[in-house]
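Report on the following structure.
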Amino acid sequence: MLANPMSQLVDTKQATKMTRSSYPHLLHRVKTSFASSKTKTMAALVALMLFLALNLVLLVLGVSSRYVWGSQKDPRLIIAKQGAVSSENPICSYIGTGVLQEGGSAVDAAIATTLCIGVTNSYSSGIGGGGFMLVRNADGSSEVVDFRETAPAASNKTMFQNNPTSSRIGGLAVGVPGEIRGFQLAHQRHGRLPWVRLFQPSIQLCLEGWKVNQVLAARINTSMAWILKNPNFMEVFAPNGVALVQGQTIRRTQLGLTLQQIARNGADVFYKGEIASQLVAETQKAGGIMTMEDMASYEAVLVPTLVGFYHGHRVLTVPPPASGPVVLSVLNIMEGYDLKSEGRTFTNIHRLTEAFKFGFAQRSYYGDPSDISNITKYVDEFVTKEHAAEVRLNITDSTTHNVSYYQPAYDIEETAGTAHISVYANGEAVSITSTVNQVFGAQLMNQATGIVLNNEMDDFSMPDSPNGGTQFGLPPSPFNFVAPNKRPLSSCVPTIVEKNGRVEIVVGASGGSFIVTATLQTIINILDYGQDPLESVLQPRFHHQLVPNIFLSEFGFPEDVILNMQHRNHNTSSYPLFTGVETIRVLDDGLILASSDPRKGGLSAGY
C-alpha cells in the first residue's frame, strides 16, 4: 500500500521533498570509511580508473555520461533505473510510480495517474471526458485505445446553428463520456493489479483532501464569474462565494464516493447504473439530449497504431480522429533538412513553422474514420516520404505565404485544453491524453456524483455558425460535422519513439491546438538538438496552425528570432502558450530521464 503523501504535497518544492523521502536511493551517495589515508588514496585511484573505464564504455556505446543514477542536481529532471511517470501534478506522478513499484503494468500506472489528474486537475481532465491511450508492450507490439467522447444519438449537424454558445456551455455541449470504458478495455487487455487498486489513491485523495496548487488556484480565479452562478461548482471551488487559493485544502467527497462505486462494481455502474442516471438527468436539465441508451451503448475501440520513421527512429502515434498524422507529416518534412548539424537557426525555425502550416492544412481533411470512409485515404497520402518531399519543394526559405498557398480544403477547428501522462517501465510504455475540453468542460458538475462533464461537442465543425468556420474564406469541414455517435476531431497526439527496437521517448502534451506543435518541438529538441527532457520542455516554444495566419511565440521567446520571422513576412504575436509537455527518455544504457512541464506545475517521479 502506498504511503500517504497527499497532505505534504502543497507545491513543487514540497513535492521535491516528498520525492527525496520516498525515493532516497535516487539521491544516494555512497559513503565509505577508510582506516588510513593510504587506503583512501588507493581507493580513490581505483575509483578513478573505474570511472574512466565506465566513461570509455559509455562513449563506445554512444551514451552520455553526464547522467548518472542518483546524481540529479535539478529535481525537475528525474533520473531513474526501472520506471518513471510524468504528469501535470506531482501527487499523481507519485501515485503512478507506486503502482509500478507494486508490480503493476504501465497501463495500470497510466490509469491510476489519469484518475488522479481527473481529481486534482478537473478543469482539464476527468471521468466525465475522454481521450486516447497509446500502449506499447514489452514485446514491441502496440495499439491505441480510442475512448474519445461521442455525439449523442439525437445529434445533428445543425443543432447549434441558432445558438453557437450552446456547443460550449450547458447540456447540449456534452458528449458521451468515454474515459471509464477506455480504462476498462485497457485494463482487461494489459492490467496486472486489481481494478480496485488503481482507484484507491484517488478515492483517498478525494476524501482526505489535498492542497490547492498555483495552477488550480489560477483556473478557479479566472472562472469565478460563472462559478458564483453555479452552486455545484461554488460548493467545491469557492465555498461561501470565496475562491480557494493556493495552499488551502480542497476535498471532492462526492467524486470520491463515485470512484468507490466504480472501483467496486466496475464500469457498468457508470454506463448503465445510478451514475449514468445522474449524468443523463444533469445534462437534460441543462438542455442536453444525452440519454441512458447513449450511455449504455458507448464503446471504447481498439485501433491500429499509426507508424512512421524519422532519421531511423520508429515513431508510434494515434490515427484520426486524433492528430497523429500531422506529427508524422511534419517529421517527414523536417527529415529533409540537416537540423542536427545546422542547429536551431533562424532558417530552420522558419522551415519548421512552414511545416506546421502544411501539416495543419492537411489536418483540415481529417475527422472520424468510422463516419467518413475516405479519411484513411488522405492519411495514407499525407504521411508518406514522397508527399513530404513535394512539400519541401514548396517551402520558401526567404518568405512565408498566405493561407491559400498551403491548400487547406476547409477551415481548421481550434480545440481547447487537456491533460497528458507519460509512463515507462521495463520495456512497456503508455502515452495517454485525456480531456474534458475547455476549462471545466461544459460548466456542468453533477452534485450527486461530483463529475465534471465535458463540452466536447464544441470540437465538431458546424455549418454556417461563427465557430464553424468561414475564416479567411474557408468553409467548415464536412469531415468533422456533427453526426449521431460520431467522434469529433481532436488535437491529441500521444506519441512513442523507438530506437533499435526499444522505447526511446514517451511524449505528449496538453493545451488544445498547441499540443501538436509542442510535441513536435520536444521530439526535435531531443533527437536533433541533443537536449534532455527537461531542457527540451524548458525551451521557449512557438506555434502556427495556419488559421489564423500568425506566428505565435510564448512570452520570453528570443526577440531576434521574432524579428527575423517578421523579415520573412510572418505576422507575429506573443502569447502565454499554456501547454504542458510530459516527457520520458530512455538512454542507450537503460537509464531513464523524466521531466514534467513546469508551465502547468508538473513534476515527474521515478525509481
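Even glycines carry a Cβ here, placed using N, Cα and C.
Just so it is clear, the model here is predicted, and its values are computed rather than measured.
Feature annotation from TrEMBL assigns active site, nucleophile to THR418. Non-local neighbourhood of THR418 (active site, nucleophile): SER124, SER125, GLY131, THR433, SER434, THR435, ASN437, SER491, CYS492, ALA509, SER510, GLY511, GLY512, ILE515, each in the same chain, at least six residues away, with C-beta under 8 Å from its C-beta.
The L-glutamate binding site annotation in TrEMBL covers ARG148, THR435, VAL436, ASN437, ASP459, SER490, SER491, GLY512. Annotation note: GLY512 (L-glutamate binding site) sits in a coil segment as assigned by DSSP.
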Worksheet entry | CB contacts for GLY512 (L-glutamate binding site) [other CB atoms within 10 A, all chains] | 23
Fill in: DSSP three-state assignment (helix, strand or coil) for ASP459 (L-glutamate binding site)
helix
Worksheet item: With every protein chain in view, how many other Cβ atoms are within 10 Å of the Cβ of THR435 (L-glutamate binding site)?
Response: 31
Worksheet item: When you look at ARG148, THR435, VAL436, ASN437, ASP459, SER490, SER491, GLY512, which the record names as binding L-glutamate, what is the longest CA to CA distance in angstrom?
Response: 14
Response to the item:
Around the Cβ of SER491 (L-glutamate binding site), other Cβ atoms found within 10 Å total 28
